[in-house]
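Chemist: Dropping a structure here in structure tokens format, bear with me for questions.
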Amino acid sequence: MKNLQRPSGMPAHKYTPYHQNFPFDMSDRTWPDKVATTAPRWCAVDLRDGNQALIDPMDSERKLRMFQLLVGMGYKEIEVGFPSASQTDFDFVRTLVEGGHIPEDVSIQVLTQSREHLIERTYEAIDGAPNAIVHLYNSTSTLQRRVVFHQDMDGIVDIALTGARLCRKYEEQLSGTAVTYEYSPESYTGTELEFAARICNEVAETFEIGNGRKMIVNLPATVEMATPNVYADSIEWMGRHLYQREDIILSLHPHNDRGTGVAAAELGYLAGADRIEGCLFGNGERTGNVDLVTLGLNLLTQGVDPQIDFSDIEEIRRTVEYCNQLPVPERSPYGGDLVFTAFSGSHQDAIKKGFEAMERDAEQQGVGVDELEWAVPYLPIDPKDVGRSYEAVIRVNSQSGKGGVAYLLKSEYGIDLPRRAQIEFSGVVQKFTETSGSEVSAQQLWTIFRDEYLPSRDGSGSTWGHYRITSISTHAEDQANTVLEIGLDVGGEHKERTAQGTGPIDALINLFNREGMDVRLLDYTEHTLSASANAQAASYVELAVGDRVLWGAGMDSNTTRASLKAVISAVNRAVRDAQEAAQD
């Protein structure tokens, strides 16, 4: 097949490929052969990097709520602000410290630039915290060296080392706070690797790491500039060129400018990183920081404990939306409204069969479904594991098929339609959705089913139906024959009839045939709607009425009445369709 695409006219000449600006050789890379088997150290930066990107930054109440959420989920390193940059951030850090909100096993992280008055203010903010990470940064990229700082490499290194020395100076003034240092060569992805390694090594030397004293070297994709494999290559390269690697916690801070922040973080972790910074649901500057929810639950789907509790994703999402005043997109992995929802008919059918297979396997093995390996098509994770119900898994619109319709009726109302009845009813539903142009809820689905198969005369639904049972009595004439005495409302006229057959259903069909109809039983099935002693029975019959084949359904606390109602349901549908055809 010939490719018919044509040049777009987009100004590609304005942009230089990343490898031309920052060439390096990693032909001996090892990360592609590695697999993640444990969770990284996590650092949530929602209260700093995430907060600074909000249209309306969080007030103190929302900040505290976010902090409490992160602590409750299990994050042990939480960046809480840039206390030297604003009074609001400073006051919040002091609220955390003085209010006793910081657990002993949680380290708060604060950001600072390499200026003495800013560093001094930073240490004033954290004084008294049990554990603190002082995060020093300065930009190292070729672009910012040229257009922002007008500095050469030596000048940029001097900025970083001056900041490191000042941090050590003010650390001496703290009372009871254990400090860990973090250094970020900001805009790392726009920095030559040799220079990034040089400045990180010199900062590490200034911080005097070793002998039990570790530091964090954070390598931010401040702007995502290349494919994730290139970022991973750079992380493995840096790991080989940091002099005291055993005393360094190598950290990632991916942004999502190219839409591959999660992939960059996952590959960078395989490439030797120890730690990942990000935000819940990917909040952050421009296109956001890497999404900690996606990263954590991706690990869970591979059988790796993320060491973060995502078991109530709805509450996590509600809190994040409240604090950020931004909605979580409906398609956001794991947390969005629609991520466990199937509209496609083939998807719905596969999901339904997957659930049924899990239930069968559990019964055969004598264990609970939760003890089995999760294996349901189109659902990479059990929604229940993150606190979601199965109610929203299948939703019905014009693209839906029998599987989705059948699943909702069974899961919500206990109606277990036979396969051919599923096919017939899905056609009824599709006609409705194509006319309405909208999605059908489970409650609407029940209404459509009731009005099609269970016409009511109590005002709760449609009132059509040529035949309606008013009374039933059966007795066995002999072992082979049953006598049915039935009262029928026929088009508004009451009639009493008696018929015989091998059973009640056969007797009623014989009655219709005796009165000039052509009715034959093709299939019959029944089940109870619940396990309680007073449960109703649901019966389904497939009848040939003349040249039509239709299903009927009946429900009653008495199984005989339910089966006869199902016959009446199918005959009524045949009569209705014949009358509508005659009118056309």
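Quick reminder: no glycine exception, Cβ is built from N, Cα and C everywhere.
In case it's useful when we look at the structure, here is the feature table from Swiss-Prot:
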DOMAIN    40-314  domain 'Pyruvate carboxyltransferase'
BINDING   Asp49, His253, His255, Asn289  Mg(2+) binding site
REGION    456-584  region 'Regulatory domain'
Chemist: Please list residues from the chain of Asn289 (Mg(2+) binding site) whose Cβ is under 8 angstroms from its Cβ, counting only those at least six apart in sequence.
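Modeler: Those within reach of Asn289 (Mg(2+) binding site), by Cβ under 8 Å and sequence separation of 6 or more, are Val45, Asp49, Gly50, His253, Pro254, His255, Asn256, Gly261, Glu277, Gly278, Cys279, Gly282, Asn283.
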Chemist: Helix, strand or coil for His253 (Mg(2+) binding site)? Use DSSP.
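Modeler: The three-state answer is strand.
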Chemist: State the mean pLDDT for the region 'Regulatory domain' (456-584).
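Modeler: That region's mean pLDDT is 85.
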Chemist: Neighbourhood of the Mg(2+) site (Asp49, His253, His255, Asn289): other residues with Cβ within 8 Å of the Cβ centroid, in order?
Modeler: Val45, Pro220, Ala221, Thr222, Pro254, Glu277, Gly278, Cys279, Gly284, Glu285, Gly288, Val290
Chemist: Reduce the DSSP letter at Asp49 (Mg(2+) binding site) to three states and note it down.
Modeler: helix
Chemist: Around the C-beta of His255 (Mg(2+) binding site), how many further C-beta atoms are within 10 angstroms, looking at every protein chain?
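Modeler: Around His255 (Mg(2+) binding site), other Cβ atoms within 10 Å: 24.
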Chemist: Neighbour count, 10 Å Cβ-Cβ cut-off, for Asp49 (Mg(2+) binding site): what number do you get?
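Modeler: Cβ-Cβ neighbours of Asp49 (Mg(2+) binding site) within 10 Å number 23.
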